[in-house]
Protein chains: 2
Amino acid sequence: PLYLCWALGSAAATAPNILLLLMDDMGWGDLGVFGQPSKETPNLDQMAAEGMLFLDFYTASPLCSPSRAALLTGRLPVRNGFYTTNGHARNAYTPQDIVGGIPDSELLLPELLKKAGYTNKIIGKWHLGHRPQFHPLRHGFDEWFGSPNCHFGPYDSRERPNIPVFRDWDMVGRYYEDFKIDLKTGEANLTQLYLQEALDFISKQQASQQPFFLYWAIDATHAPVYASKQFLGTSQRGLYGDAVREIDDSIGKILKHLQQLGISENTFVFFTSDNGAALISAPKQGGSNGPFLCGKQTTFEGGMREPAIAWWPGHIPAGGVSQQLGSVMDLFSTSLSLAGVQPPSDRQIDGIDLLPVMLQGKLIDRPIFYYRGNELMAVRAGLYKAHYWTWSNSWEEQSKGIDFCPGQSVAGVTTHTQEEHTYLPLLFHLGRDPGEKYPLSFASEEYQRAVEHISGLAQQHKASLVPGQPQLNVCDQAVMNWSPPGCEKLGKCLKAPESDPKKCSWPH
Amino acid sequence: PLYLCWALGSAAATAPNILLLLMDDMGWGDLGVFGQPSKETPNLDQMAAEGMLFLDFYTASPLCSPSRAALLTGRLPVRNGFYTTNGHARNAYTPQDIVGGIPDSELLLPELLKKAGYTNKIIGKWHLGHRPQFHPLRHGFDEWFGSPNCHFGPYDSRERPNIPVFRDWDMVGRYYEDFKIDLKTGEANLTQLYLQEALDFISKQQASQQPFFLYWAIDATHAPVYASKQFLGTSQRGLYGDAVREIDDSIGKILKHLQQLGISENTFVFFTSDNGAALISAPKQGGSNGPFLCGKQTTFEGGMREPAIAWWPGHIPAGGVSQQLGSVMDLFSTSLSLAGVQPPSDRQIDGIDLLPVMLQGKLIDRPIFYYRGNELMAVRAGLYKAHYWTWSNSWEEQSKGIDFCPGQSVAGVTTHTQEEHTYLPLLFHLGRDPGEKYPLSFASEEYQRAVEHISGLAQQHKASLVPGQPQLNVCDQAVMNWSPPGCEKLGKCLKAPESDPKKCSWPH
């Protein structure tokens, strides 16, 4: 590794722009550089060649909302409240009828960056709650173009309203009504809108000489998958691949824009995804987790290991490959470090600053905690991963065709009942067995040694954990996006039903 | 693609050296550039960056001997005799007690290259028969350092002799006796011997200004897997990874040697493997087939899709990626084209000349035929693959722990009885579904169209096929390597038992 100590110094001094490219349901195996068999991502592969590839980078939850809450707070969902206690080890998120969202007590990355003079923009999916108190502009962002929830639909406006699209404080239309998504052809030009929005914001910030934080949280690879007309039918991989190609093309344009504006050496860019590919939607509406086991919703590698690339020309050496165990929560800590802002000292932060890894080639010893809802399912330390609980999904759901591990079945591992292994964890060596197919023998010395170490880490973590108030327990039809701010101007207000709060049902 | 038409002309004029690097049981997913999660092959990844990567390159058989016979004859095993009729769709190879081998009627690549003035050397595993008439120096090679069979053992010299190692015509020792393989530690220095042998041969040829064909057929990644002391314990992947790292390091040294001698622009190098990773030996003794289904012995992608890299600086454009459907048999035709030698016109050649693909970026329309023993199991054309027969292995073997698809199970696809689908083939779209997990609906228009096309190709192929005399039907303990040529000088001759020829048993 090259030692570029001067870069670290200069970084802190100049407060570089920060650009986080967060994909939706994109899997580790979806990029050429990670072995996708059609290799259709030349721009992302080039980004990796010019930057640093992270092979062992994780999300903090196998589901969208908690993963995003973790990224923006630097804290595990079980701390920041993005989990449920309605059922054991159930993933929860923020559908339209969710009552909760990001608590005011949480400090988000843009709130902290604002103190260092950053202008903060979110483009795309917010997903930390859609009720007024959870609006991203109340939580540190200065600008927003995008939507609060997933682009599911179309809805009939009676049982359920269509999801609004916001510009800053107000809605500017709704999906399927004003922002078209053709479910038959898969055509939608949203990625182009999000691309243009990013290019314009970057240009504006460059002109005003203000540092920016841009959180580009696009969602074309989340079912229902979509692509613009010019990309439809261009991929060997079908519609999902068309969406990936459009994203790849867009990221190429964004990086080129930074270079043309002469600010690439002053802009830290990080690419990753919110959780593993949604194999339940594959092959037409879901991606690939490469050689890993299962996908989204699970705590196997396919559910939580993410593609990840850091890019910062002149600072991060080109062509680097890191086996640092990383997390989306590290993007919080690393961004603060880049901005020269101290992380909050009044709460537990789970992220770590990755700058020594990226700039000096260091490796930092740290575990990875795999949560599903309120349960610590597994822990990784070094190359060993211990499962304390295993579950793919219930037999009941499996029988309905809901399959988080299609074509894969490992006896005693991809279980359809929740299996506890606390007293005899299932142990895998992810170097020899990245696919989690061969649990180590309980009798082996290797098992004893590794489990002793990992279980120590797990116990320490659990003993000191103060869970946050769970935010994803209560649902209510009345809180859906009936009349978001700005609906009056557009004549898009809908009448909400009577409030009838209930426990949300989280089946997975 | 760059069009380098001048290169084609100069190639034909100068008769470049040809270096084929053939791996043993290495899988598509074993190289960093193909997505191995630990990325431990910097030299092969660099070779790909400087050359052309083939994403859709196939072997002609999911087992070693037939694959190698196909490579050296340019013909399918069912034509060149490297198959059995002892059972339906059974893979057969050349263990010590095999009576057959490569027929004299077959024309091997080195025999043909000799006419163009090439000096031909094989380093490593021959595997086309070990009885005197099958000796590689009787089939076009000028030099040999290696062995006729797999390095199984150690044997007791009574029931079974250890495998001899040859230098040219004579044996120079035996595995486990004179060439140590420590099964406990996995230590053996054979790859270093094979590396040195390659470097010396290349130097000698360079000094004598004679073009060479070097067939570097090493076997460190075939169980029992081995590595030299300096590589033991260096991989995250365990012993198998140690072997891969030693091979990667060795190939780096070979390419560097060509560059230092100033002959890299006059040496065509191709890297590939004989069949998919042997998942039955994974994780300690077997590799990875990435996202593909099953492994060695099967006609799923994991059994037959191979890592492949072409490297010829100054001729093949750097950083190319090709989706040409390629085959090990193309190495026969391509090598002849490089040497300016006409392929034999008195027999069917299945290989095609890939130079237009590598030098001019062309794509040649051609099908891939997936054979298992005497049966055409599947055919690929474009992105579609039709299975006419499916079989992983028998229930009987499965119950004994023999599993060619560990952790994978696709209903109706990875079948444990031989299932015929001739009248309604299972169809996969390998672009959307490289893992062969989602057969297309029989009722779809897409299915009808694709199957009509592929089945036409299959029928045409079968109708015109004249199978060769099967060479792998008869086994006899008396023909084992009891007294290979040269044994007298070494005092290594053993007494053969009485001849007792029997039908070989091929369970898979």
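Cβ atoms are placed via backbone N, Cα and C, with glycine included.
Caution: TrEMBL annotation is automatic and unverified by curators.
The shown structure was predicted, so the numbers you read here are calculated from the model rather than taken from an experiment.
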Recorded Ca(2+) site member, picked from B:CYS64, B:CYS150, that accompanies B:ASP24, B:ASP25, B:ASP274, B:ASN275 in TrEMBL: B:CYS64
Sparsest-packed of the listed recorded positions (B:ASP24, B:HIS127, B:ASN189) - C-beta count within 10 angstroms: B:ASN189
Listed in sequence order, residues not in B:ASP24, B:ASP25, B:CYS64, B:ASP274, B:ASN275 with Cβ within 8 Å of the centre of the Ca(2+) site Cβ atoms: B:MET23, B:MET26, B:LEU63, B:SER67, B:HIS222, B:SER273, B:ALA278, B:LYS296
Cβ neighbour count within 10 Å of B:CYS64 (Ca(2+) binding site): 26
Nearest of the binding-site residues (B:ASP24, B:ASP25, B:CYS64, B:ASP274, B:ASN275) to B:HIS127 (active site), judged by Cα-Cα distance: B:CYS64
Within the predicted model, mean pLDDT of the domain 'Sulfatase N-terminal' (B:16-341): 98
Under 8 Å by Cβ from B:ASN275 (Ca(2+) binding site), same chain, sequence gap 6 or more: B:ASP25, B:THR59, B:SER61, B:PRO62, B:LEU63, B:CYS64, B:SER67, B:LYS296, B:GLY303, B:MET304, B:GLU306
Helix, strand or coil at B:HIS127 (active site) [DSSP, three-state]: coil
